[in-house]
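So TrEMBL lists these for the protein:
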| type | residues | note |
| --- | --- | --- |
| DOMAIN | 85-558 | domain 'Major facilitator superfamily (MFS) profile' |
| TRANSMEM | 83-111 | transmembrane segment |
| TRANSMEM | 123-143 | transmembrane segment |
| TRANSMEM | 150-167 | transmembrane segment |
| TRANSMEM | 179-202 | transmembrane segment |
| TRANSMEM | 209-232 | transmembrane segment |
| TRANSMEM | 264-287 | transmembrane segment |
| TRANSMEM | 372-400 | transmembrane segment |
| TRANSMEM | 420-439 | transmembrane segment |
| TRANSMEM | 471-493 | transmembrane segment |
| TRANSMEM | 535-555 | transmembrane segment |
Amino acid sequence: MATEKSVLDKEVGNNAFASNEKRRNSTQHVHATLDGIRDPSEPDLSVGAILRGTAATPLTLFEKKAALINAELDNFGLGRYQICIWFLCGFGYFLDLAWAQGVGLIASAIYQEMNVPDGNTGQIWALANAGLAIGAFSWGILVDIIGRKWSFNLTCLITSVFGLLLAAPKFNYDAICGIYFLASIGLGGNIPIDATIALEYLPQRRRNLVALLSMWQPIGVVVASAIAYGTAAKYRCDIELPSCRAVAAGEPCCTVSSNMGWRYLVIVLGCMTLAVFFLRFVVFHFYESPKFLLSRGREAEAIEVLHKIAKFNKAPPPTLTVEMFREVEENSPELPLQAGPQSTAQTTKNVLSNFVNSLKHLKGLFDNKLKIFIFVLLAIAYMGDYWSFNLAGAFLPIILLRNEVSTGSGTVSETYQHYIIIYAPGIIGAVLALISVQLPLVGRKWSLVFSAICQGLSMAMYTQVKSTAGYVGLNALEYLMQTYFNAVLYASAPELFDTAYRGSASGMLSCLGRIAGIVAPFAGQHYLAASSSGILWLGAGGIWLSAFVMVFLPVEMRNRQMF
C-alpha cells in the first residue's frame, strides 16, 4: 500500500509539474507574441502623429487575442489554402469590373436599339450604382453577422442569375435598367467581402498581396473588352441607323436581330459568374474566418479552423490553445471581456429589429476619436474615387466612340480594339501598388496621394487633345492610375478596422462611394449632351479631393499589426 501511495503521489506530482510547465510555456508564448506589438498606454492623436501616420490607441482585449491568431497565420506562411483564397477573391474583383466594363461597352448599342435620348443615358448607371450601394451596405453588414462563408458565395449566385436575365428584354430600356439593378445588388458585395476575406487569411508580412488583387480588375476589363470585340462589335447594327421605335414600319432601322451582340456579351459574362460561384461553393471547401469566430466568442472553433488550414497546407499544427486566450484575459483585467464584439444572436436580433438597433452593432467603429476621424477621411476618399471612376467609365468610351466613328476616323471594331489597349496597362497599376505600399516613407498613405493626383491630371489633360492617339494614351494613363489608387484603397481601408466590424466598415464606405456614383452620371449626362469638357473636370475634381484628404490619413499600416 505504501508503495502504491508513493507511485500515486509521484504521478500526481508529475502531472502537476507538466501542468505548470505547460502553463509556463503558454504564458511565455503569449508574452512573446504581444511584446512585439506596439501598444501605447495612452492615445496619440497629435497633428505630428497624424501627418506621419503613427496615430494609435491602446489595444483592446479582442485585438490582443487576434494577435495570437495572426502569429499562427504567420507561421503557416503563404500556403496552399491562402493561395486558393487569393485566387477566389481575385475572381470577385475580376467580375466587379468585367460587368461594369461590359455594360459600359454595350450601352451605346442599347441606347441605339431602344431609342434612348442623351438626357436619359444616365438612368442605367444610376440604377446600377443604387444596386451596388445597397449590395455593398447590405453584404457589408451581413458578412459580420452571418459570417464570411455564405456572403462569399451568395453574391456571385445573385449576380449570375440576374446577369443572364439581362439578355431577355426587347425594346424595354426600363426592364434592362431594373434587371441590372438586381444583378448589381449581388455584385456590390464583391470588393468589401473579398478584400476582408483575403486580409483575414493572409500572413501579416504578405498583406500587400491584397493590393495585387486589383490586378484582376483590369484583367476583367480587358477580357470584357475582348468579348465585346467578338460579340457587341461584330453583331451590331450600323451606328448611323435609327431605332426601329423612332421610324415608320419598313424603313431601315436598328433591329433586334441585327443587334444581338450585346446580348451575347451579357450571356457570356453571366456564365462566367456562375462558374466562379461553382468554384467557390462546390470545388473549394471554404472555412469560416478564425478571427470572425473569435469576434463572436467561438474561440475553440477558431482554433479548430486553424488546425484544418494547417492540414490543408500540410504544415505543422498550430500551438494556440484556449488556455492562451484565458491567459490574455488574466493579464488584461482592466479591459472588458467582450471589448466590443457581440454574440451572433445579439447582433442579428439588433439588426433585424430596426435600423437604429443595427447601429449598435457598429458602435465599435465610432468608440474613439481616431476611428471616427479615419472613417470620415475614408468616406470622402471613397466618394471622390467612385465619382471620378463612374464618370470615366460611363463617358470616356462614348467620347472616344463619337470621336472615331462619328467623325469617320475609325470604325466600331477599331474602337473596341482601343479599349483593350487602354485597359491592359491597369495591371501595371496593381503591380505598382504591390511595390509602393511596402516602400519606406511611401507606404499606403502616400501611394494613395500620388496615384490620385496623377489620375486627376490625366483626366484634366484629356480636355486638351483631339486626336485618337491622345484619347487612347491619356485614357490608358488615367486607368493605370485609377487601378493603382483603387488597389491601395481597397487593400488598406479594411486593414484599419477590427474583424468584428471590418466587413461592415468596408461595406458602408463602398456604399457611400456608390451613392456618389449614382449622382455622377446625372451630373455628367448634361455635359455629354452639350458636347462639353465639363465631364472631365468633374472627374478630375472628385479624385483630387480624395488626394487632399488622404494627406491627413492618421495611421500608416505598413509593418503594423492588423486585427
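Backbone N, Cα and C define each Cβ position, glycine as well.
Curation does not apply to TrEMBL; its annotations are automatic.
Bear in mind that the values here come from a model prediction, so they are computed numbers and not experimental data.
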List, by number or range, the same-chain residues at least 6 past the transmembrane segment (209-232) whose CB is under 8 A from its CB atoms?
78, 86, 89-99, 101-102, 105-106, 109, 194-195, 198-199, 202, 261-262, 264-265, 268-269, 413, 416-417, 419-420, 423-427, 429-431, 433-434, 437, 479, 483, 486-488, 490-492, 494
Between the transmembrane segment (264-287) and the stretches 123-143, 150-167, 179-202, 420-439, work out which stretch tops the count of Cβ pairs under 8 Å.
150-167
So what's near the transmembrane segment (179-202) in sequence-distant terms, Cβ-Cβ under 8 Å and 6+ beyond its ends?
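Cβ under 8 Å, 6 or more out: 73, 78, 81-82, 85-86, 89-90, 92-93, 95-96, 99, 103, 124, 127-140, 143, 148, 151-152, 154-163, 165-166, 168-169, 209-210, 213, 289-292, 309, 490-491, 493-495, 499, 502-503, 506-507, 509-511, 514, 562.
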Using a Cβ-Cβ cut-off of under 8 Å, list the residues of the same chain that are 6+ residues beyond the ends of the transmembrane segment (83-111) and lie near it.
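Those are 121, 124, 128, 152, 155-156, 159, 163, 173, 176, 180, 183, 187, 190-191, 193-195, 197-198, 201-202, 209, 213-221, 223-225, 227-228, 232, 236-237, 239, 259, 261-262, 265-266, 269, 272-273, 276, 279-280, 284, 286, 393-394, 397-398, 401, 416, 419, 423, in sequence order.
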